[in-house]
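Enquirer: Below you'll find the structure I mean.
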Amino acid sequence: MSNPYGNPFGDSPSESRKQSAGASLYDLIPPGWESGASVEELRKRQTDQPTMNFIEQGNDGFEADTTPTEDVHIDDEGETETESKEEQGWILPEEKEPSKQESGFTEVHSEPVSREPTRDVSLTTDDEEEKDKPSSLMMTVGEYTKHGEGMGSFVSYKVNVKTNLVQYHKSEFTTDRRYNDFVWLFDKMKESFKGYIIPPLPDKTIIQNRFDPQFIEARRRELGKFLTRLADHPVLAASEVLQTFLESDAEEFSAAKTKKPPATVTKKVFSWMSSTVTQQLSPAVEVDTWFGDKKQYLQDLESALEACLKTSGTVLVKEKELVGALYEFGLGASAVGKAEAEVDPTLSKHWLKFGDLCEQVRVLKQEAVSSQEIRFEEVAHDYRRVIASAKQAMEARLTALAEFQHAEKIANTKKEKKEKIAGTPKAGAAEAEYEEARQKQESAKEEFEMISEILRKELDRFEKTKGKEMSKSLKDYAKENMDTTVQILDQWKKLLNQLQTASI
């Protein structure tokens with residue numbers, strides 16, 4: 001494949017080198033390379049160009065597909081469908097990475113800092129589930145505000161809601177929630193929806209400065225992803241717990257969080273605890289190899305992902321060290337240029353230009369490092385948490401299985417006792433005990449089978465969505481690195497041309 005953008009290595013390139021590279025970097029170099037365009041000009045031209053998608057072409061590398069992209073929604077059958085923002089019923093906020101200025105944080109009491117809401121690619125539903133989803137709900141986490149000072153200070157986030165679900169009183173509204181409120185929502189969801197993979201929250205990381213703007217901004221993005229995944233779920237989106245979280249005012253929400261369960265529920269819980277203490281449940285004996293295989297898969301995936309994150313973290317540290325070293329390198333080169341100014345003005349200019357180049361490369365590297373943290377590190381850490389949620393859902397099933405097997409064991413014991421004393425005065429009482437045990441066995445069986453059916457669908461949904469999200473993350477990461485490499489090569493090319501021109 002010929003290179004329509006010219007040769008980045010000068011007027012006399014090695015054709016063998018170009019051919020060995022296939023249709024990779026050479027075919028994706030943006031227009032303007034041959035004219036020595038600046039980084040700013042290149043970025044502007046890239047903005048004006050259609051977004052590049054990469055279509056694998058066997059062993060020949062990648063071919064650039066310049067078809068303009070639309071919003072892509074991923075269903076659980078592995079298919080994608082496009083839909084304009086207008087067709088969705090509202091205009092989605094423009095996705096963009098926060099700049100350093102946008103990530104500023106105010107220490108003023110209750111003074112909000114503007115934040116651009118983001119909508120993340122999240123868990124979606126398959127065709128069968130979509131039929132059960134009654135309507136639309138969209139939630140974003142916007143600006144944040146610091147309240148108070150000292151030990152009692154905290155940060156709240158504005159949750160922006162748009163919906164046409166009939167149970168909501170308004171179609172568009174905003175509420176303020178702090179991190180602990182999100183924790184309450186997560187815990188209530190996990191308690192109320194056994195077998196469902198509840199979207200994870202960001203880790204409650206203990207850091208020295210919990211009001212660090214970068215930390216709060218990252219948490220804001222992750223909280224937005226948590227709510228988006230709830231909104232995209234056909235069952236969780238319609239839950240009363242979520243509605244309470246979104247619609248309640250401060251007084252109502254405080255009452256909901258401190259509300260105690262009904263007396264009948266409390267009595268059942270204490271009865272169950274008493275029974276469990278006296279008769280410890282034996283570990284469940286797995287009865288379905290499909291779930292056994294999924295459990296092993298999740299364990300292996302979690303271990304591999306944690307190992308990958310450990311090494312990627314090391315790479316990130318080294319990249320940050322390189323950024324700092326480039327800064328020092330640039331200062332050193334500039335110092336040499338100044339020292340040569342009186343004796344050799346031409347060489348002095350060369351050194352000064354070299355120092356400028358180091359600074360330009362440093363800036364590009366810094367941007368790439370920041371992008372890696374968002375595009376790869378955050379996504380990978382997020383899926384580590386999703387895997388943990390999936391494992392929790394599987395544990396809920398195993399608990400239900402253990403309770404069913406325990407109830408079955410008791411029912412069999414009661415049945416043997418009933419048959420043993422048949423025809424005696426105690427036969428009536430034994431029959432009643434057996435009937436009660438049999439009903440508990442049936443109830444436990446129904447609970448276990450229901451959770452198993454839910455979890456089977458949830459795990460299928462998890463695997464399909466995981467493939468889409470992680471593939472997108474890797475593609476974005478690869479493209480970001482390629483773009484950075486192209487821009488750095490452009491800077492070196494411009495410097496080389498200047499040095500060659502000066503030496504003629």
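Backbone N, Cα and C define each Cβ position, glycine as well.
Small disclaimer: the values here were computed from a predicted structure and weren't measured.
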Enquirer: Using TrEMBL as the reference, determine which range in 388-426, 427-465, 466-504 is annotated coiled coil.
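Expert: Result: 427-465 is the stretch TrEMBL calls coiled coil.
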Enquirer: Give, as a single whole number between 0 and 100, the mean pLDDT over the domain 'PX' (135-252).
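Expert: Summarising the domain 'PX' (135-252) by its mean pLDDT gives 92.
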Enquirer: Under the DSSP assignment, what numbers of helix, strand and coil residues are found in the domain 'PX' (135-252)?
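Expert: Counts, helix then strand then coil: 51 helix, 28 strand, 39 coil.
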